[in-house]
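Notes follow once the structure below has been shown.
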Amino acid sequence: MSLKKKVSSSKKSSQANVVASTSSASDKTSPLGPDGSKSRLLELFSLIEKEFESLHSENAALREKVDTLTERLDTLVIERTAAMAEAPSMPSSISASILQAPDTQQHSSTTPLRKIKSSGSTITKKKLMPGSKKTTSNLKQSLDCSYVSSFNGHKDGVWHVSFTRNGGQAILGSASADTTASLWDVNAGTMLLKYTGHTGSVNCITFHPMDQIACTASGDGTAHVWKTTVTALGKQHMKHDSSGEDRGGYSDDEMLDIDSNSVATLKTPLLTLAGHTGPVMACDWMSEGDQLVTASWDHSACLWDTHTGTTVHTLRGHDQELTHVCTHPTQNLVVTSSRDTTFRLWDFRAPPIHSVNVFQGHSKAVTSAAFSLSDDVVSASDDHTVKIWDLHNMRYPVASIRLDCGINRISVSHDHQALAVPMDNSHIRLYDLGGNRIATLPHRNRKEHVRMVHCVCWSRDSQVASSSPGRCNLFSSGFDSRIIGWKVHAQS
């Protein structure tokens, strides 16, 4: 009996082995097995990718048609408005009857509104309140815009770009989610320096108004101040302060690391500003360069002394995360933007007392705000609007521009008095400070941005650049990891 049991058990084990081997073989050959499933998934992903590319090309073609029709419509609006402006003035009785027409809308009992709808955007002009200045705009002005070059090197989205000059060299700075900041030679299109001192996403880069120094704000909760002068050999030279000592203890001929692409790499800052308890989203220098301001997700902004690295003021009052900070180019004024739908104007012109003004002109997060040399403040929001305010009377906006998607970090040209508006739909539009659209940057092929445009900046010598062929005077960056240089100049 024991022998029979052993024989039967051995048969069962051999049968089990045969079944196991057969099932494993069938798994390898069957389309439902591991290898078959993998090949099937790859095939499905390939089909999805082809379908996506087809839809993308159709979308690009439709966008090109829309842009062409939009440009034609804008031209007709401008010509018609110019013709109306040149027409003889109507009698006062006729003018009064037109103003009392049924289609006139009322913002309040005393404030009429006029809306001009054009290509997905609405310009709303308010009647000026007593004490406010009159904003004049030339509707005949039009700008030519063209793609010039791209600056490639970042491995993730580029949050911010900023322009400066080191001597006679035009320099562009970029801040990226790949935890680095870079300096670029604008004319050559090459990377000069890569700063790798941060451990989190670099959200902003701004340059000192006089010295060759930069400040970067990062998601690691700090802001870093570092040197920007780099020679072609990779040596970095340091400006001396008034005491004659090197700032931060750096020697004049300190050698930088050189990577495989012959790009100088800097890891150590001159100064680390640590005081925020959340990611630092933006930074900017005060006009005299002795102080800078940082804005953070910890609901506060900080004014720093850049000689000592200490906090001069902590600016509190916002209820939610700050998204942006900007300083006035000639005065000690600061504007902070927040997700709490407000932006605040901080006045430091009479220290040590500073005043605060809160503005509630938007219904969603304010993504950025910027000053112009003509004492205007421009605010942009996720509520799809850009609003232009007069610093002398900010009770009501001078003009309001309504778009069809969210707006990000705007920039005002001090030469053209033009406003560049980067949008979530990968487009960039230009407006004058009266709220009139004067140009749309080309968006007709894959050379331009294909994802959200997060930031734009004008060069400080826009007139010189615009008169030279092939020279950039407007820069943009976005989620597609690209930086693009544009040429914008007035039509002859």
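From the backbone N, Cα and C atoms, a Cβ is placed for every residue, glycine too.
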Coiled coil per TrEMBL - which of 52-79, 164-191, 248-275, 360-387: 52-79
Residues of the parent chain within Cβ reach of the repeat 'WD' (151-194), under 8 Å, 6 or more residues beyond its termini: 200-207, 212, 214, 216-218, 228-230, 236, 256, 259, 261, 263-266, 282, 409, 451, 454-461, 471-472, 475-485
Mean predicted confidence [pLDDT] for the repeat 'WD' (273-314): 95
Summary of DSSP states over the repeat 'WD' (151-194), given as helix, strand and coil counts: 0 helix, 28 strand, 16 coil
Structural state census, the repeat 'WD' (315-349) (DSSP three-state): 0 helix, 18 strand, 17 coil
